[in-house]
Amino acid sequence: MASLLESCWLYLITHFSDFQLASLGSFFLHEGVFFLSGLPFIYLERAGYLSKYKIQSKNNTPAAQEKCITHLLLYHIGVNLPVMILSYPVFRYMGMQSSLPLPSWKVVSLQILLYFILEDFVFYWGHRILHTKWLYKHVHSVHHEYATPFGLTSEYAHPAEILFLGFATIVGPAITGPHLFTLWLWMVLRVLETVEAHCGYHFPWSPSNLFPLYGGADFHDYHHRLLYTKSGNYSSTFVYMDWIFGTDKGYRKLKALKSSGAEVVVGDKQM
């Protein structure tokens, strides 16, 4: 497996420059993972499949879904791609490399764990700031246009927010100067995580059922259903930041009521 991976990597670094791989390669990898993981949830919502696992009963209209996709393509080409191109010198300066040998899985795992922890911390505080009155009205409200999120809405946001919260994703790699392989793996995992958190479905196999500190779709869907002043659940990946600072009290109260068998209404759905 390792030799096959290194052979593939050798082909990439032989046929493409570092700049092409780090900027254009990263962009196309992001687009592929993002749309391939997010589009199926549009199909599930339209077809009504697996509806028993859908968190909210309300569905988005096809027009709303198409609007999201159109805006995403514009944002990705107009914002994400230029950022990836312009950030290349920064990552090179911080020590990013693409040469063989590939880093060991121990190094890769430790770095990605650090990235998740740093991203979650920075994202939590940035997200709370975006829920202040002025910033919510003029910036973050774009993301909250979809009170019933689906996978692709994870990156539907104001360009200023894309840059602001995008910093949380790149701060870890910028500090450590990782191998490009590690950076790509981090990007793939981060995209899959945010798509899952916005997918609108809570399956028996959802990561939050397997990892106690993981937030996931049920945790973040609650954030989208409530008014900005009362939502809470600001973390991106884990739940401990909201627990430490008490911004998940409403969510935990709701979970306790549901566990006791009481009927509660949140957003449009009786639970």
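Residue 1 is the first one shown; counting continues down the chain.
Note: Cβ is positioned from N, Cα and C throughout, glycine not excepted.
Residues or ranges marked as transmembrane segment in TrEMBL: 20-44 (among others). Here the transmembrane segment (20-44) has Cβ contacts under 8 Å with residues 12-13, 50, 65, 76, 80-81, 84-85, 88, 91-92, 96, 98, 150-152, 154-155, 180, 183-184, 187-188, 191-192, 195-196, 199-201 of the same chain, all six or more residues outside its ends.
Sequence-remote contacts of a segment are chain residues at least 6 beyond its ends whose Cβ falls under 8 Å from one of its Cβ atoms, and for the transmembrane segment (72-91) they are 19, 22-24, 26-27, 30-31, 152, 155-157, 159, 162-163, 166, 170, 173-174, 177, 183. The transmembrane segment annotation in TrEMBL covers 72-91 (among others).
Within its own chain, the transmembrane segment (103-125) is flanked in space by residues 165, 167-169, 171-173, 175-176, 178-179, 181-182, 185-186, 189-190, 234-238, 241-242, which lie at least six positions past its ends and keep a Cβ under 8 Å from the stretch. As annotated by TrEMBL, transmembrane segment applies to 103-125 (among others).
Taken from TrEMBL, the feature domain 'Fatty acid hydroxylase' covers 113-247.
The feature transmembrane segment is assigned by TrEMBL to 162-187 (among others).
If one looks beyond the transmembrane segment (162-187) by at least 6 residues along the same chain, the residues whose Cβ comes under 8 Å of a Cβ in the stretch are 9, 18, 21-22, 25-26, 29-30, 33, 75, 79-80, 83, 87, 90-91, 94-98, 102-103, 107-108, 111-112, 114-115, 118-119, 122-123, 126-127, 130, 139, 155, 236.
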